[in-house]
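Notes follow once the structure below has been shown.
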Amino acid sequence: MQKLDDPCSSLGKPISIAAFFMPLFVYWCIFLAVSPTNEESFTRICSYHGCFVAFFGAAVPLDLSFVNLRVLFGVVFFDRIIMFLNNFVPIGEPSVVVFAARRWQRRCYRILVVLFCLLSAVLYVYVCAEVVNGSQLLDLRNFLVSFFLGAWVDALLFAIHALLKSRHIRGSSTALAKHSGNIILDFYNGSEIRPIICGLDIKVSSYFVSIIRGFTLQLVFAIYQYDEHATLSFGLMTLLLFHGIYILDFFIYEPTILHAHDIVYYGCGLRWFQNVLLVWPLLQSLSVLYLVHNYYDVQLSCYSFSAAGAILFILGLYIRRQAINQKFFYHDPQGHSFDSSNSLNATASQNITAVGWWSCVRHPDYLGELILLLGLALTTGVGSVVPWIAPVCGFFDVLLRIHWDERTSLKRYDKTAWRKYTSAVPYRLIPRIY
């Protein structure tokens with residue numbers, strides 16, 4: 001049985017408690033972006049969500065009577081449709097990926113899932129909404145409470161299912177992590193690494209849902225701004241373009257996530273599901289929500305912010321992709337395609353990657369991720385703290401992951417080899433600084 005360390009427990013109970021309350025923090029962030037309160041009078045500027053409490057600059061809704069059950073169940077249904085398509089869509093033309101002077105064949109058929117979502121949205125707007133007398137997509141801003149609860153309820157259902165299933169598992173080369181003896185901890189942290197539910201690798205599938213859900217939400221709010229102003233702000237168009245590039249990059253190099261530490265070593269419990277289905281899709285959409293609701297902000301018309309943000313985004317995406325690909329390909333130097341790496345055992349390679357970007361810092365993929373997030377935030381300007389919440393949260397998340405990754409690496413690898421590596425590459429994240 002493979003023993004799995006908990007990344008939060010290694011830093012103590014305060015971080016574990018903070019992780020537990022993270023959805024509440026995200027709930028506040030959403031309404032800080034869409035329904036702020038006046039700092040002087042502490043009265044609401046606008047709210048479409050019923051009764052609220054003014055809390056640190058945000059009109060936070062508390063009226064559960066505004067919860068729309070159709071929207072709530074629609075979120076749950078959306079997740080399952082995306083998971084099904086991600087696992088069973090059998091079509092797609094092979095594309096060629098070039099890296100390190102080598103050519104790789106890869107069927108990028110899962111990008112069709114994104115196109116399917118966009119096509120479904122268009123059909124709903126122009127056909128289905130009138131037929132069923134339903135709300136238009138732009139009305140989703142009135143159902144953010146329902147959307148939030150739907151995402152959290154779905155995370156809860158997946159966590160319960162994974163826990164019940166793990167109680168009947170006796171051994172698996174890719175799934176088993178550990179039982180702590182405390183059912184609450186097992187439920188929250190997860191007892192399996194890669195649980196298979198109804199034939200689906202639910203951990204990897206939920207990762208795909210996280211990517212698609214965030215982008216879908218951003219497009220819905222962009223539709224709202226277009227409906228209000230008959231155009232999109234330059235900052236919003238730039239931000240949507242960046243998110244589209246990020247999704248395209250993700251699906252082209254999709255199998256590389258199989259070597260990600262969180263996929264290989266993290267338990268799959270409530271914390272995992274609430275992070276991928278709720279926390280990160282919404283946090284990464286905060287900049288879009290802010291731009292949509294601040295169309296006339298003077299700062300947003302400044303092209304210099306978008307230009308600087310574009311430079312940082314491209315640089316961060318380049319560093320992150322190069323680092324991830326180097327790690328992926330050098331772990332499988334004899335492979336001829338991504339398709340040959342569609343599964344990964346829990347027993348990872350014992351080779352330490354120390355080439356390319358990995359010879360500069362020990363976590364170049366995290367460095368690229370932070371630069372990328374800074375670029376996305378800078379695109380929105382500096383007129384509000386809202387777009388900068390995601391980079392700040394990302395920074396603390398990276399520090400936590402670095403601490404845990406190095407703690408587990410010291411156990412996985414030969415101690416002498418690991419010490420030689422840390423001596424040769426002394427900096428964790430930023431050269432000559434940290």
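Any Cβ shown, glycine's included, is placed from N, Cα and C.
Record features (TrEMBL):
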- 15-34: transmembrane segment (TRANSMEM)
- 46-69: transmembrane segment (TRANSMEM)
- 81-101: transmembrane segment (TRANSMEM)
- 108-127: transmembrane segment (TRANSMEM)
- 143-164: transmembrane segment (TRANSMEM)
- 204-226: transmembrane segment (TRANSMEM)
- 232-252: transmembrane segment (TRANSMEM)
- 272-292: transmembrane segment (TRANSMEM)
- 298-319: transmembrane segment (TRANSMEM)
- 370-390: transmembrane segment (TRANSMEM)
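By the Cβ criterion (distance under 8 Å, sequence gap of 6 or more), the transmembrane segment (143-164) is not counted as touching the transmembrane segment (370-390), fewer than 3 such pairs being found.
When the stretches 204-226, 272-292, 370-390 are ranked by Cβ pairs under 8 Å to the transmembrane segment (232-252), first place goes to 204-226. Long-range contacts of the transmembrane segment (370-390) within the same chain, counting only residues at least 6 positions beyond its ends with a Cβ under 8 Å from a Cβ of the stretch, are 29, 32-33, 235, 238-239, 242-243, 246, 283-284, 286-287, 289-291, 294, 297-300, 302, 305-306, 308-317, 319-320, 398, 429.
Cβ atoms under 8 Å from those of the transmembrane segment (272-292) belong to residues 22-23, 26, 29-30, 33-34, 79, 148, 151-152, 154-156, 158-159, 190, 203, 206-207, 209-210, 213-214, 217-218, 221-222, 224-225, 233, 235-236, 239-240, 243, 262, 266, 300, 376-377, 379-380, 384, 386-387, 389-390, 393 of the same chain, restricted to positions at least 6 beyond its ends.
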